[in-house]
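Visitor: Here it is, the structure in full.
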Amino acid sequence: MSKVYDWFEERLEIQAIADDITSKYVPPHVNIFYCLGGITLTCFLVQVATGFAMTFYYRPTVTEAFASVQYIMTEANFGWLIRSVHRWSASMMVLMMILHVFRVYLTGGFKKPRELTWVTGVILAVLTASFGVTGYSLPWDQIGYWAVKIVTGVPEAIPVIGSPLVELLRGSTSVGQSTLTRFYSLHTFVLPLLTAVFMLMHFSMIRKQGISGPL
């Protein structure tokens, strides 16, 4: 086993990478509230795992979506647990994200030279809210349907571009199959990809600049 490790160590310098990760300086003022961002990341990873598991059974059509969710909850092995964990971790992710934003703001973590870290964090907060909006509609029950209808109808108040924007969100002039397909694609592919990219940027900047000092 040691020969295998030595072979990889010689080529990749694994020990040097591990030392760099574990030897990062942590300021003495850091407390449990500085862990909120990491907890948010953990919730996101749980979301990815449980969401991926549900894609094996969920059917993104207006005629089968609700029935497929019922199947997950009542027939699929541990489906009820997987969906419940998905919902609980979604709520936890939103809560931890809000608390994290407040902590950073109140401790001045957005100030120079960490402005870009703050910007990427705000973008991640918007993406988190978008997860909630798109995921809420996927069961395609009465609550989900009317939530989509209201949310996609909001931009109509914008002059000139309002109506085209509503049609772009819905995929047609009314809420239907095209809308569900769009929201499913956003929820399972576009938003996770964007979130992963901005999280990588966010954590890379934190690693580079370190944790902000006390007020």
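Glycine residues also receive a Cβ, built from the backbone N, Cα and C atoms like all the rest.
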Visitor: Transmembrane segment per Swiss-Prot sits at which of 116-136, 137-157?
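Guide: Per Swiss-Prot, the stretch marked transmembrane segment is 116-136.
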Visitor: Let me spell it out: take the transmembrane segment (116-136), skip the flanking residues so only those 6+ beyond its ends count, and list any with a Cβ under 8 Å from a Cβ in it.
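Guide: Distal contacts: 40, 47, 90, 93-94, 97, 100-101, 104, 109-110, 143-144, 147-148, 151, 183-184, 186-187, 191, 194-195, 198-199, 201-202, 205-206, 209.
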Visitor: Name the one residue among His100, His187, His202 whose Cα is closest in three-dimensional space to that of Cys35 (heme c binding site); these are the binding-site residues.
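Guide: Smallest Cα separation from Cys35 (heme c binding site) among His100, His187, His202: His100.
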Visitor: How many whole Å apart are the CA atoms of His187 (heme b 2 binding site) and His202 (heme b 1 binding site)?
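Guide: Their Cα atoms are separated by 21 Å.
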Visitor: How about long-range neighbours of the transmembrane segment (90-110): same chain, 6 or more residues beyond its ends, C-beta under 8 Å?
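Guide: Here the qualifying positions are 33-34, 36-37, 39-40, 43-44, 47, 117-118, 121-122, 124-125, 128-129, 131-132, 135, 212, 214-215.
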Visitor: Restricting to the chain of His100 (heme b 1 binding site) and a gap of 6 or more, list residues whose Cβ falls under 8 Å of its Cβ, or answer none.
Guide: Leu36, Gly37, Thr40, Gly121
Visitor: Including all protein chains displayed, how many Cβ atoms other than that of His86 (heme b 2 binding site) lie within 10 Å of its Cβ?
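Guide: If we count other Cβ atoms within 10 Å of His86 (heme b 2 binding site), we arrive at 19.
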